[in-house]
Structures are given as C-alpha cells and as structure tokens.
Amino acid sequence: MIVGILTTLATLATLAASVPLEERQACSSVWGQCGGQNWSGPTCCASGSTCVYSNDYYSQCLPGAASSSSSTRAASTTSRVSPTTSRSSSATPPPGSTTTRVPPVGSGTATYSGNPFVGVTPWANAYYASEVSSLAIPSLTGAMATAAAAVAKVPSFMWLDTLDKTPLMEQTLADIRTANKNGGNYAGQFVVYDLPDRDCAALASNGEYSIADGGVAKYKNYIDTIRQIVVEYSDIRTLLVIEPDSLANLVTNLGTPKCANAQSAYLECINYAVTQLNLPNVAMYLDAGHAGWLGWPANQDPAAQLFANVYKNASSPRALRGLATNVANYNGWNITSPPSYTQGNAVYNEKLYIHAIGPLLANHGWSNAFFITDQGRSGKQPTGQQQWGDWCNVIGTGFGIRPSANTGDSLLDSFVWVKPGGECDGTSDSSAPRFDSHCALPDALQPAPQAGAWFQAYFVQLLTNANPSFL
C-alpha cells in the first residue's frame, strides 16, 4: 500500500535518443511511460521531453533534457551503485548468521532525553528538493512556482526502500555534518522500508527481496548497512520510521496468503531492525497504520498487543520511542466534523486514534510510547475519498500541517511529513506488473505513473489545496 521513494527519477541515465519527427506521432506524451520490463508501448517521448529511467519496471517522459543544473544535483545523490568505500552493501550474509554481534558505537553520539524532535531542526530531504526543482517547478509559473520552491524546503523523510538507496543516507548525513559544523543543529529523517515480501496485501510497492530467495538474510544485511552508517555518523541525531504497513497488515490481513506466509519473517526482521538500530543517537517509530485502519474498535486492542509484543520481544529498546501514524495517508489530525466516509467509527482523526491506542499499549506492557503523525497530504478535509480505505493517489487532497514538535499534545512528539508529496502511490495502468486496482478507482487521480515516479498533476493538486497555504 504504501510507497516510499522506490527509485531515482529526474537525472539517472537518459534512455531515449533523438527520434525523427514522423515517429514522434507515436511517442509517449510528457509524464507518460516510455520503458520498463514488459512494457510494450512507445519507447520515445514527445518533443520537449526525455525518456528517463525510474526503475526496472518504469521509465518516464520528463520535461526537457537531463543535463540541467538542477538535475546535476539529483544525479549526485541518486546513484544506483554502492558507495566507493570499504563498506559492503551488496554481500549477503550466510544463512546461519541470523543474530550478529552488536558492534561498538562511535564516539560523539548525539544523545537525547525525552522528545527526540526537540532541540534539533529536521533536515529537508535533498532528493525530494531536487525532484521539486527539476521536475515540478519548470512547468509552473508565477506564484505556483514560488510556492513549489517553498515546499522543497519543508523537512520530509527520505525512504530507504532498496539497498541501493543506503548511499543516499550516507550522503545526507555527511551533508548534515557539514551544516552542523557551520552552526546548524540538524537531524536526519529516514524510512526503513525493505522487508522481504513487502506490501503483502497490495501490489503497488512490492520490494526487492523475496522470503523464498533468502530475503530474511538479505534484509539483515540491509539493516547492518544502515547501522554502520548511523554509527559512523553518531554525532547526528537520526529519526527513523520502521517498515510502513508491515505490522498493520499482520493485524488485519492474515487472511491474505502472502501476509500469512510473511508473518514470521516480518516479525523476525523488524525485531532485528529495532535491536540493531537501538543506538544512542537514534529514535525509532514503528508504523502503526492510521485511524481508518487500526482505529476501528475491533482492531485497536489486537494492534496494541502486537506493537507491545514487538517492543518487549526486542528487550524494550530505549531508542524505540513509539509509533508513527497516518504515513502516506490523508487523515486530519484534529478535525471536529467526521467525514462521511468515516461513518461507524468514533475514532475519525489521528488525535483520537493515538489517544485510543496509547492506553492499550500501556495495558500490554509498553507504558512510555509516544507518537508522530504524518500530515504531509492531510491539509484538505474532507478529502475526495469515497471509501476510507481508498489510499492510492486520492483526489481532493492538499499539503497539510508543517512539521513541528510544538504539537500541544502530551502523546504526540511531532507533526511530520513522511510521504514526499508528488511521488506517485501506484500506476493506474491495468497492464502494468505492479498495478493495484485501488489506483484505478473513481477517487484516484488518473492517469498515474508507477509507484515512486514523479506525478506532476498530483503535486499541483497538493499545492493548490495546501492548508496552511503556500500561495
């Protein structure tokens, strides 16, 4: 369901060469698909756009050429190759290495007490900023272009959704270290999102690892790689959201064979992640779905029991601060009038949700859990959703409350933007390998590119409907 930043968009290798004018008539339009595995459509782009690799399943026609100055920055931070250091980010550990010795922590740790969002400024995701500057702004003018530039400066999380994305984490932390040495006090924000058989109840964001093909061991190597980076940059506070959708699927979707098969692997992998990343400079939040998913009365206690068990089975790690809600979703924080699509559930916003599940966590042995809530796409209420469970590229949405630790709520550590607005949730093309029917519903904006690809029309929608406004 949830899509992170699955791939680089704007400035990786250009795939399409110049096409004669007579052939342009059959080329894809700007923002259309122009390549990818099993793609049988046009592999060229209309005049004024260039075919750019996005992922193995998708290449996209982007405006202009990939050699602009704004694209150069993106290229320097989105390489698909491993970093040229002694660290290995591709080797798979032997099957027997299911538990590894916890290596020592680096010196100069950015420790904290209490709310980890207090006393630091979350870092604005440079990759997302490069997308906005190179993909969104060139086709905007006037006030919209100025507003888009302001969006690029809002702190948002970077998604580590493949092993190949870990060099981006390293580069980001290096940039933060430089900024902090020059007088800043920044913290890094990342999403750990690479479970084997990921997204078990949907199709749009299937990941790179399979349980049947050594996925658990590969995932542990992915976590080891992240840990090495975090230890190397132990002078920087690092804020992590752990595996969106995974545990929530274990609450409600075990009737789906893929989820039932993945249950033990999910729990083993998440235990490994929160144990290995239990570092003095780290604060972690397990993804906890949202009010319209686990906030229903029948789901609240089973969810709380599962989250508390994960916490206790990992020996109550200090760095596991609590839960993240509404990641990549659309619910308002404290709206007072329930939208029609929430009918039947008294827990119709995220504030009600965290105050419902917080005491239940304590009942099950996790008494000091706190929360963050994603408001990146929650600015317009009600949304255009026809059903509360409609999650893909929903119409009638806008950028929401800006990230801030000034929440006015004892359980909420911070408002955050976890989902970078403008990156697609999933394709509306029913012939695509990762097509999910939710992305072709009447309340999904269409036509939509592959998950993770830039969706200009959606970015414009979010910007137009933003509350507070950027205009």
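Cβ atoms here come from the backbone N, Cα and C positions, even for glycine.
Given the structure is predicted, the values throughout are model-derived calculations rather than measurements.
Within the list S49, S54, S134, the entry that Swiss-Prot describes as O-linked glycosylation site is S134.
When Swiss-Prot is consulted, the disulfide partner of C259, picked from C200, C269, turns out to be C200. Disulfide connectivity taken from Swiss-Prot links C439 to one of C269, C392, namely C392.
Around the Cβ of S134 (O-linked glycosylation site), 25 further Cβ atoms fall within 10 Å across all displayed protein chains.
Each of the disulfide-bonded residues C200, C259, C392, C439 was scored by the other Cβ atoms within 10 Å of its Cβ; the lowest score goes to C259. Every protein chain shown contributes to the tally, and the Cβ of S133 (O-linked glycosylation site) ends up with 20 other Cβ atoms within 10 Å. Cα separation, S139 (O-linked glycosylation site) to S133 (O-linked glycosylation site), rounded: 10 Å. Residue with the densest Cβ environment among the glycosylation sites S130, T146, N313, N334: S130, by other Cβ atoms within 10 Å.
In this structure, the CA atom of S130 (O-linked glycosylation site) is 35 Å away from the CA atom of C259 (disulfide bond). Of all the recorded positions listed here (T111, T146, C200, C259, N313), T146 has the Cα closest to the Cα of S133 (O-linked glycosylation site).
In this structure, T121 (O-linked glycosylation site) is part of a beta strand by DSSP.
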